[in-house]
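A.B. asks: Here's a structure for you.
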Amino acid sequence: MISTKELRNKFISYFESKNHSHQPSSSLIPFGDDTLLFTNAGMVQFKDVFLGLEKRDFSRAVTVQKCLRAGGKHNDLDNVGYTARHHTFFEMLGNFSFGDYFKKDAISFAWEFLTKEIKLPVEKLWVTIYATDDEAFDVWHNHIGLPKERIIRIDSNDNFWSMGDTGPCGPCTEIFYDHGEDVAGGLPGTPDEDGDRYIEIWNIVFMQFNRHADGTVTDLPKPSVDTGMGLERIAAVLQDVHSNYDIDLFQALIKKAQEVTNADDINSPSLKVVADHIRSCAFLIADGVLPSNEGRGYVLRRIIRRAIRHGNKLGAKDIFFYKLVAELINQMGEAYPQLIDKRELIEKTLIKEEELFLKTIENGIKIFDTEIVSLKSDIISGEIAFRLYDTYGFPLDLTADMAREKGLKVDEEAFKEQMLKQKQRSKEAGKFNVDYNSIINSQAKSDFRGYSTLIEDAKVLEIYQDGQPVNAIQAGSTAVIVLDRTPFYAESGGQVGDKGVLEGVGVEFIVEDVQKSGEAILHIGKLSKGILNTYDEVTARVNDSVRLATAANHSATHLLHKVLKIILGSHAEQKGSLVDDNKLRFDFTHDKAISRVEIEQIETLVNQQIRANYPVATIETSQEKAKSLGAEALFGEKYGDIVRVISMGDFSIELCGGTHVAYTGDIGLFKIVSESGIASGIRRIEAITANKAIKYTFATENKLAAIKEITKSNDSNLLDKLQSMLEQLKNQEKEIAKLKKDILSGANSDIKESSIDGIKLIIANLEGVDIKTLREKIDDYKSKNDKMVAVLSTINADKVQFVIGVSKSITSLIKAGDIAKEFSGYIDGKGGGRPDMAQGGGNNSTNIDKALSDLENHISINIKK
């Protein structure tokens with residue numbers, strides 16, 4: 001029997017023998033593609049190649065791609081554990097042609113691999129083609145020799161693939177394996193096609209057309225091929241089992257799950273859930289995702305909590321999920337070394353998340369069980385589901401899972417309404433970023449010269465206004481300029497774009513931002529004088545002070561990243577950064593606030609590397625060579641075959657395309673100005689360098705000097721002096737509070753109290769108190785009187801403040817808010833509140849006595865009505 005490990009290696013070796021370049025799996029987090037939550041197919045890392053936006057050094061590729069389907073449109077989570085072939089995480093075997101071979105070779109490679117390399121019986125294989133794809137039929141029938149009756153034409157979207165509403169598209173051919181007559185199910189295209197007898201094992205997509213916005217389709221100049229074969233599916237075929245969960249890899253994980261949960265039934269769907277979910281959770285964490293309440297982090301949290309619930313159901317009474325990581329590494333660590341490298345982070349993250357959820361899961365399940373007893377239908381309300389989510393941390397799919405086991409359903413639409421209301425309550429304005437790739441379709445190529453120069457003579461290739469190409473612009477126009485060569489760095493890798501100017505004869509274009517679109521570098525800004533035409537010659541001049549300040553901050557992030565790993569631990573991985581000329585912002589994984597001592601250690605070690613004045617060296621080399629040098633690749637970045645390596649002595653080596661100083665000493669000084677948490681397990685450091693750090697230090701020293709002058713202290717006694725002053729202030733505040741209380745007690749004799757129809761009426765203006773004291777006095781009156789109206793005011797610096805209290809039992813007769821509005825009219829102020837409590841104030845204190853007298857009459861009249 002061929003193992004899953006052997007099958008993975010055999011696939012790669014076969015296509016390498018056919019001159020395919022073996023490319024590593026890309027991250028589960030798609031780089032630069034906001035349309036996808038997770039990588040869900042092998043072609044995702046080559047999307048820009050297929051679109052013509054990116055070029056590679058090879059025309060044939062083979063990959064084993066990590067894929068995840070557990071969120072958004074592509075979501076298999078609900079079915080996992082209950083079917084033979086649904087998974088959250090799976091591996092996709094794929095071979096690709098970028099304008100190289102086409103249908104004949106693609107089909108021939110697939111057939112040879114299946115029938116010669118892994119020796120599947122020919123008589124077990126069937127194929128489908130798109131209904132009108134006669135070329136594919138000819139290859140299958142006349143070249144491969146497959147009988148006509150085993151080639152099925154399908155006239156549906158199942159055999160025609162497209163990347164979207166527009167763009168590359170084309171027919172596909174699928175290869176099916178026949179499990180035999182003892183398994184239910186019919187051929188593709190028949191009413192029984194959803195059975196398990198005929199299983200699709202390989203899909204080969206022929207990208208030969210380009211679909212336009214008007215719906216028309218034209219031929220692509222260089223047709224391409226995209227194929228995919230699920231590793232788990234083909235392993236099940238080769239190991240002669242009908243369920244993916246019966247293959248060697250899953251059986252090892254299921255047995256381990258049974259061991260750590262004390263489960264009785266090895267065939268329990270819950271064991272399959274746990275075995276599946278450890279793969280997706282471990283790989284997501286290894287790729288930089290941490291549990292949170294939004295986005296990818298929330299999908300991870302949902303999967304973890306679903307696994308915990310199923311483990312709880314199996315009999316696990318304590319944390320168990322992290323115990324599967326060792327077996328996962330045993331099964332997949334050789335193919336994916338990042339599992340080994342990130343083992344500590346994976347296990348710690350799972351332990352922390354499980355401990356968090358175990359605090360609420362038992363109570364949540366009790367609430368669920370209590371609620372379903374009183375149900376009058378088979379529908380659990382959206383309100384109940386939302387309560388479980390909001391109070392007990394139960395994701396919707398977990399509640400739906402529990403409901404399905406009881407033969408119930410959840411009103412998901414009502415749940416979504418509750419979620420929408422919550423989002424509206426906490427809605428925050430989001431930052432709007434322009435996606436120039438989506439509005440500017442430039443085919444130009446700009447040659448970036450900015451690593452070695454800040455000034456370059458160039459030619460204007462294209463001009464865009466409002467996303468549309470134009471031939472010329474007038475002074476005052478905002479536009480996007482594309483040059484044939486440029487020293488301007490385009491925003492990338494967390495570093496903002498350069499600023500500067502494009503100058504010509506009588507022409508000046510102020511560059512405010514720089515972005516990329518494909519291979520074009522976009523200079524975004526405003527023409528301040530002259531007329532600029534396409535093909536004009538200009539001098540591109542980068543603002544050197546901005547560039548140098550930005551470079552200092554960028555180089556400092558490299559030092560900071562390495563120092564964080566030394567001080568905090570190897571888990572401190574970069575999660576994001578922003579570098580401009582003012583500051584640097586660095587986000588990283590760490591599960592608690594950084595102490596003042598650690599801040600000092602970090603600053604000290606970074607500044608030691610600055611003073612060491614290491615040369616900042618740059619080399620371009622292959623990814624493999626870079627890894628052998630110990631270069632650190634950053635999460636979320638996309639790298640080509642040839643990468644740029646930035647080294648700072650032997651201290652820091654990273655892959656980076658940004659701009660840097662020549663020596664670490666050029667950074668000058670590094671100073672952290674803030675440290676905070678931005679999400680669960682994610683911390684943020686903001687820091688400054690060079691002149692800004694020096695100015696910040698001077699400003700801080702000046703403030704300290706001012707404090708010493710005000711407090712009449714020096715360096716040796718400043719802290720003691722401040723502590724003494726704080727103690728003195730606290731004592732004085734206590735004395736003031738006591739004096740106010742005494743004043744109020746003394747004023748009680750001046751407070752006018754009367755009774756009208758059994759309702760106590762209290763009215764007074766009290767001197768020397770604040771509004772807080774008035775509120776406390778009102779609360780005291782209300783606690784002692786069931787039927788009472790109290791109006792208390794005070795005057796401070798000619799400003800009137802008042803508080804009105806009314807017992808709740810009589811608010812039908814008179815309301816505090818109404819009295820407040822009337823009171824405000826006497827004092828040129830404003831006031832309002834609830835029926836039982838209101839307050840207000842004004843600037844005119846001359847009428848206070850008349851106001852209180854008139855209010856007494858007004859209240860009496862209303863009570864007697």
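Note: Cβ is positioned from N, Cα and C throughout, glycine not excepted.
Pasting the feature list from Swiss-Prot:
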BINDING   H554, H558, C656, H660  Zn(2+) binding site
A.B. asks: Around the Zn(2+) site recorded as H554, H558, C656, H660, what other same-chain residues have a C-beta within 8 angstroms of the site's C-beta center?
C.D. replies: A551, S555, T557, V616, I646, E654, G658, T659
A.B. asks: State the three-class DSSP label for H558 (Zn(2+) binding site), counting H, G and I as helix, E and B as strand, and everything else as coil.
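C.D. replies: For H558 (Zn(2+) binding site) - judged by DSSP and reduced to three states - the answer is helix.
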A.B. asks: Could you tally the C-beta atoms, other than its own, that fall within 10 angstroms of the C-beta of H558 (Zn(2+) binding site)?
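C.D. replies: Other Cβ atoms found within 10 Å: 24.
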A.B. asks: Just jot down the residues in the same chain as H660 (Zn(2+) binding site), at least 6 apart in sequence, with C-beta under 8 A of its C-beta; none if empty.
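C.D. replies: Non-local contacts for H660 (Zn(2+) binding site): A551, H554, S555, H558, V616, T618, I646.
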A.B. asks: Validating a neighbour-count step here. Other CB atoms within 10 A of the CB of H554 (Zn(2+) binding site): how many?
C.D. replies: 25
A.B. asks: Enter the number of other CB atoms within 10 angstroms of the CB of C656 (Zn(2+) binding site).
C.D. replies: 25
